[in-house]
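Written below as C-alpha coordinates is the structure these notes are about.
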Amino acid sequence: MSSGGLLLLLGLLTLCAELIPVSSRQRHRDCDKPPDKGNCGPVRRAFYYDTRLKTCKAFQYRGCNGNGNHFKTETLCRCECLVYP
(Lines of atoms letter the chains of each structure in order from A; the text may use other names.)
(Lines give C-alpha, C1' and ligand atoms only; values in the text may rest on other atoms or scores of the structure.)
Protein backbone atom coordinates (compact mmCIF):
# COMPACT_ATOMS: atom_id res chain seq x y z
CA MET A 1 0.00 0.00 0.00
CA SER A 2 1.34 3.43 -0.85
CA SER A 3 2.07 6.04 1.80
CA GLY A 4 -0.93 8.03 0.53
CA GLY A 5 -3.17 5.01 1.00
CA LEU A 6 -1.87 4.45 4.51
CA LEU A 7 -2.44 8.10 5.35
CA LEU A 8 -6.01 7.90 4.04
CA LEU A 9 -6.66 4.75 6.08
CA LEU A 10 -5.30 6.41 9.22
CA GLY A 11 -7.48 9.46 8.56
CA LEU A 12 -10.62 7.34 8.16
CA LEU A 13 -9.93 5.44 11.36
CA THR A 14 -9.33 8.66 13.26
CA LEU A 15 -12.47 10.28 11.84
CA CYS A 16 -14.57 7.25 12.74
CA ALA A 17 -13.23 7.22 16.28
CA GLU A 18 -13.67 10.96 16.79
CA LEU A 19 -17.15 11.38 15.32
CA ILE A 20 -18.85 8.65 17.29
CA PRO A 21 -18.24 8.57 21.04
CA VAL A 22 -17.65 5.00 22.18
CA SER A 23 -20.32 5.10 24.88
CA SER A 24 -23.07 6.09 22.42
CA ARG A 25 -22.13 3.80 19.53
CA GLN A 26 -24.67 1.34 18.27
CA ARG A 27 -23.93 -1.39 15.79
CA HIS A 28 -25.31 -1.00 12.25
CA ARG A 29 -28.61 -2.89 12.14
CA ASP A 30 -27.42 -5.36 9.48
CA CYS A 31 -24.10 -6.35 11.09
CA ASP A 32 -25.71 -9.36 12.76
CA LYS A 33 -26.96 -10.80 9.46
CA PRO A 34 -25.00 -13.57 7.70
CA PRO A 35 -22.98 -12.57 4.62
CA ASP A 36 -25.05 -12.61 1.43
CA LYS A 37 -23.08 -12.40 -1.81
CA GLY A 38 -26.07 -11.15 -3.84
CA ASN A 39 -26.94 -12.43 -7.29
CA CYS A 40 -26.11 -9.97 -10.03
CA GLY A 41 -23.31 -7.83 -11.35
CA PRO A 42 -19.59 -8.49 -11.42
CA VAL A 43 -17.94 -10.07 -8.41
CA ARG A 44 -15.97 -7.65 -6.24
CA ARG A 45 -14.27 -7.87 -2.91
CA ALA A 46 -16.29 -6.57 0.02
CA PHE A 47 -16.26 -7.03 3.78
CA TYR A 48 -18.85 -8.38 6.20
CA TYR A 49 -18.99 -8.52 9.98
CA ASP A 50 -18.60 -12.02 11.41
CA THR A 51 -20.55 -12.05 14.69
CA ARG A 52 -18.98 -15.32 15.85
CA LEU A 53 -15.39 -14.07 15.46
CA LYS A 54 -16.30 -10.42 16.19
CA THR A 55 -14.27 -9.15 13.26
CA CYS A 56 -14.68 -8.01 9.66
CA LYS A 57 -13.81 -10.51 6.95
CA ALA A 58 -13.49 -10.32 3.17
CA PHE A 59 -15.93 -12.06 0.83
CA GLN A 60 -17.04 -11.96 -2.81
CA TYR A 61 -20.01 -9.62 -3.32
CA ARG A 62 -21.99 -9.57 -6.58
CA GLY A 63 -23.25 -6.01 -6.30
CA CYS A 64 -26.97 -6.27 -5.57
CA ASN A 65 -29.76 -8.13 -3.79
CA GLY A 66 -27.63 -9.03 -0.79
CA ASN A 67 -28.37 -7.80 2.71
CA GLY A 68 -26.84 -4.76 4.40
CA ASN A 69 -23.91 -6.65 5.93
CA HIS A 70 -21.48 -5.70 3.17
CA PHE A 71 -19.04 -2.81 3.13
CA LYS A 72 -16.61 -1.51 0.51
CA THR A 73 -13.66 -1.49 2.91
CA GLU A 74 -12.64 -3.25 6.09
CA THR A 75 -12.37 0.16 7.75
CA LEU A 76 -16.01 0.99 7.00
CA CYS A 77 -17.07 -2.42 8.26
CA ARG A 78 -15.17 -1.89 11.50
CA CYS A 79 -16.60 1.62 11.95
CA GLU A 80 -20.17 0.39 11.50
CA CYS A 81 -20.05 -2.95 13.29
CA LEU A 82 -17.48 -2.95 16.08
CA VAL A 83 -18.88 -1.72 19.37
CA TYR A 84 -16.55 -1.40 22.30
CA PRO A 85 -17.83 -1.79 25.87
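Just so it is clear, glycine is given a Cβ too, placed from its N, Cα and C backbone atoms.
Owing to the predicted nature of the structure, the values given are computational and were not obtained by experimental measurement.
Annotation source Swiss-Prot lists disulfide bond at Cys31-Cys81 (among others), citing sequence analysis. In the three-state DSSP classification, Cys81 (disulfide bond) falls within a helix.
Under the heading disulfide bond, Swiss-Prot lists Cys40-Cys64 (among others). There are 9 other Cβ atoms within 10 Å of the Cβ belonging to Cys64 (disulfide bond). In the three-state DSSP classification, Cys64 (disulfide bond) falls within a strand.
All protein chains included, Cys56 (disulfide bond) registers 22 other Cβ atoms within 10 Å of its own Cβ. The disulfide bond annotation in Swiss-Prot covers Cys56-Cys77 (among others) and rests on sequence analysis.
Here Swiss-Prot flags 31-81 as domain 'BPTI/Kunitz inhibitor'.
Marked as signal peptide by Swiss-Prot on the basis of experimental evidence: 1-24.
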Spatial neighbour of Cys81 (disulfide bond) that is closest, considering only the disulfide-bonded residues Cys40, Cys56, Cys64 and their CA atoms: Cys56
When distances run from the Cα of Cys77 (disulfide bond) to each of the disulfide-bonded residues Cys31, Cys40, Cys64, the nearest one: Cys31
Assigned element (helix, strand, coil) containing Cys31 (disulfide bond), judged by DSSP: coil
Integer Å distance between the CA atoms belonging to Cys56 (disulfide bond) and Cys40 (disulfide bond): 23
